[in-house]
Amino acid sequence: MRRQYSMWASTVAVIACGSALMLLHPVGADAPKKRCLTKPNVSKKVDMVIHQCQEEIKSSLIEDALKIFTAEHGQWHDRRKRDEGGLDFSHPTIVSHEDKWIAGCLMQCVYRKNNAIDKNGWPTLDGLVSLYTDGVNEQGYFMATLRGVDRCLKGTSKKYQIKRNDAAENFEQCEVAFDVFDCISDMITDYCSGQMEDDH
């Protein structure tokens, strides 16, 4: 049952992650002129590694499910750390949290394969800016992305009390990666839709 849930959750997370990536280049009728005219290469870069990342995440989930299944009285449970102080794993309200976590693990994998993660497993400013601006020759877009990535990294560092000299645990990596991705997507969307001002 848990294995079936894990596979279902992985599929939902992949769809959610793919849909969110489409928002990274919202060129359309509502976009101001001379903004976001060129699509960044981030979608192509994700497409190149997403299948491999999906397989890695599925393998990890199956391994985790087997460990849970064979554990006596649930005393050994890696995922419990992630849900500490929260609701029981089987509670129905956890489903969206699980999907979010799996999508975050996918993004962490994508970031890792695009050199946007440091040696301790944390997303980096230079790596993320390079990933999200590759293929775009627009100063305003670059500056908006730089500001957005900086703000998002600072926000997640504060939220998760990140100490960058410490190695990130797997559950932390996934949650941080999702929040960083979600935040950067919002910032880029704000810029492309004209809700964020250019630097002149």
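Our numbering is plain: 1 for the first residue shown, then up by one each step along the chain.
Cβ atoms here come from the backbone N, Cα and C positions, even for glycine.
Worth saying up front: this structure is predicted, and the values here are computed from it rather than measured.
Annotated features in Swiss-Prot:
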{"type": "DISULFID", "residues": "CYS105-CYS174", "note": "disulfide bond"}
{"type": "DISULFID", "residues": "CYS152-CYS183", "note": "disulfide bond"}
{"type": "SIGNAL", "residues": "1-29", "note": "signal peptide"}
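Overlay of Swiss-Prot annotations on the structure.
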residue: CYS105; record: disulfide bond; DSSP class: helix
residue: CYS152; record: disulfide bond; DSSP class: helix
residue: CYS174; record: disulfide bond; DSSP class: helix
residue: CYS183; record: disulfide bond; DSSP class: helix
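When the disulfide-bonded residues CYS105, CYS174, CYS183 are compared by the number of other CB atoms within 10 angstroms of each CB, CYS183 has the fewest. Between the CA atoms of CYS174 (disulfide bond) and CYS152 (disulfide bond) there is a gap of 15 Å. Cβ-based neighbour count (10 Å, all protein chains) for CYS152 (disulfide bond) stands at 22. The two recorded residues, CYS152 (disulfide bond) and CYS105 (disulfide bond), have Cα atoms 17 Å apart. Spacing of CYS105 (disulfide bond) relative to CYS183 (disulfide bond) is 16 Å (Cα to Cα, whole number).
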